[in-house]
Each structure stands twice: as C-alpha cells, then as structure tokens.
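Annotations per TrEMBL:
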type     : residues : note
REGION   : 19-60    : region 'Disordered'
COMPBIAS : 25-45    : compositional bias 'Low complexity'
DOMAIN   : 159-272  : domain 'Uracil-DNA glycosylase-like'
ACT_SITE : ASP174   : active site, proton acceptor
Amino acid sequence: MASSCGKTIMDLFKQPAAKRLKRVSSPPQSPASAAVSSFSSAASRSPDDGQGEENGVVSQTGSLTPEQILKIEFNKSLAKAKLNLNRCAEKVTNSISKGEGMQHVKLKELLVEESWLQALPGEFEKPYAKNLCKFVESEICSAGVPIYPPQHLLFNALNTTSIDKVKAVIIGQDPYHGPGQAMGLSFSVPEGVKVPSSLVNIYKELKQDLGCSIPSHGNLEKWAIQGVLLLNAVLTVRHHQANSHANKGWEQFTDAVIRAISQKKKGVVFLLWGNYAQAKG
C-alpha cells in the first residue's frame with residue numbers, strides 16, 4: 001500500500017513516543033503532528049486487497065509480510081466495529097418500534113464493546129453516572145431540541161476502538177452541534193458533510209509539516225479503526241448549543257476512560273487540542 005507520507009501507523013510505534021503532548025489552540029507541530037500524519041497516511045490507504053490474506057491466502061513463501069499483517073488486522077478491526085455499530089443501531093430501532101412515544105435506549109446499553117466494559121467495571125453504577133444517564137435520556141426523550149450525535153453513535157469512539165487497540169488518543173471538546181455532523185468521533189464528520197474549520201486546520205498542518213495530501217472529506221473512521229481513539233470530553237450536545245451538556249457528568253466518565261488507558265497501556269500518545277481538552281491533562 002502506497003502512502004503520500006511514506007509512513008504507516010506501525011512505523012510510528014517502532015520508536016519511543018511521548019506519554020502526553022499538549023496543544024493549546026492550534027493543531028500540533030512536530031512531533032505530535034507526525035503522529036497524526038502516520039495515522040492519516042495509513043488511513044488513506046485501501047485495505048480491501050487484504051481480504052485474501054485474512055481468508056488464509058498467503059504468498060508462495062508461506063509467510064506474511066508486515067504489510068499483509070496490517071491489512072488483516074485492519075479488516076478484523078473494521079468487521080468488529082461494524083458489528084458493534086449494528087448492535088447499537090438495532091437496540092435503538094427496537095426501542096423506537098415499540099411505539100410508545102419518544103423512545104430511548106438506556107445509556108449504558110449503548111456501550112457494547114466488551115473490552116471497555118471490562119476496563120470500566122461498575123462505572124455506570126456510580127452516582128455521577130446514574131445522574132448523567134438520567135439527564136441524557138431525558139434530553140433525548142424531549143420533543144424539543146435534537147441531541148447529537150444520534151443515539152447509536154453516542155459511544156462510537158469506544159465501540160470502534162477497543163482498549164487493546166488504542167495507540168493514540170485525540171481529545172476534543174464536545175460533538176459538532178449542527179445537523180448531520182456529529183458521528184461520535186472527535187473532529188470527524190461523515191463523507192458529504194462540509195469539513196469543519198478545526199479539521200481543515202489539522203489537515204493543513206499535516207500537509208505543511210509532512211507533505212500529506214489533504215483529503216476531500218472529513219471522515220476519520222479509518223483512523224479510529226487503526227487505533228486512534230477519537231474521544232470528546234463531553235459525548236453529547238444540544239442542537240446549535242455548544243457546551244450545553246458540559247458539567248453533567250461526561251467529564252468524569254471520559255476521565256475514567258483516560259485513566260483506564262493510562263493504567264493498562266504503555267506508550268500511548270495523547271493529543272490534547274484546545275484549552276478545554278487540556279483540562280484532561
């Protein structure tokens with residue numbers, strides 16, 4: 001697989017990485033931007049041609065190259081992420097189909113990735129989490145202002161990137177608050193949605209610092225599949241009301257996520273962009 005930056009996500013982690021890198025208001029300079037660039041270059045490459053290896057088709061020498069192994073791991077992680085997403089979507093669909101007014105799924109039931117459930121035992125039973133669940137569920141049930149992201153994507157970052165796969169964490173503030181923007185991954189928007197200025201600046205930094213081409217879209221799902229946890233400090237927001245769900249308990253929950261990573265993982269790169277995200281430091 002060719003890369004505009006000449007690096008893969010695996011290349012990054014062959015060398016010692018700083019435990020935590022902080023940036024105040026602008027995208028990071030080297031070496032932090034180099035970390036993101038490695039993910040970007042790897043994410044821009046198509047993994048489709050790795051299906052043969054995953055099905056047991058190997059080279060005539062009987063061994064797999066590092067590139068083939070990377071493809072296989074990507075495909076496995078992608079399949080698992082899709083399965084988790086489908087499980088959440090099915091929960092929401094079944095809830096709505098009951099036809100009893102505005103339906104919602106209990107917040108804790110939307111985190112389905114087993115590795116995170118094991119890493120956060122009893123977290124949803126803590127007093128702050130119970131209050132958080134009641135608040136978010138009441139907001140979703142309200143017939144007034146829409147809540148973003150959609151229910152099945154609330155824990156998309158965790159359901160996509162299992163804790164055992166985490167290689168880097170990019171922490172944002174809260175979800176985009178415009179229609180169709182938020183997808184449960186910090187800084188990411190679905191393809192077809194205008195790329196937000198914050199992500200445009202990140203792309204520009206990658207191009208300036210390492211010569212990476214700027215993508216035509218803002219979907220960062222492939223970064224997440226390859227081990228970049230795209231985590232907002234607050235996971236929900238009201239329509240066109242930035243920070244509207246701040247100080248409701250999400251900060252404590254995402255603190256617990258970061259704490260679990262710090263305790264269970266080594267060499268993880270943390271990118272904290274903006275003053276709000278730096279509070280996680």
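If you go along the chain as it appears here, the first residue is 1 and each next one adds 1.
Glycine residues also receive a Cβ, built from the backbone N, Cα and C atoms like all the rest.
Can you tell me where each of these features sits in this structure?
With a 10 A radius on its CB, ASP174 (active site, proton acceptor) counts 23 other CB atoms from all the protein chains.
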How do the residues of the domain 'Uracil-DNA glycosylase-like' (159-272) split into helix, strand and coil according to DSSP?
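Its residues fall into 39 helix, 17 strand, 58 coil.
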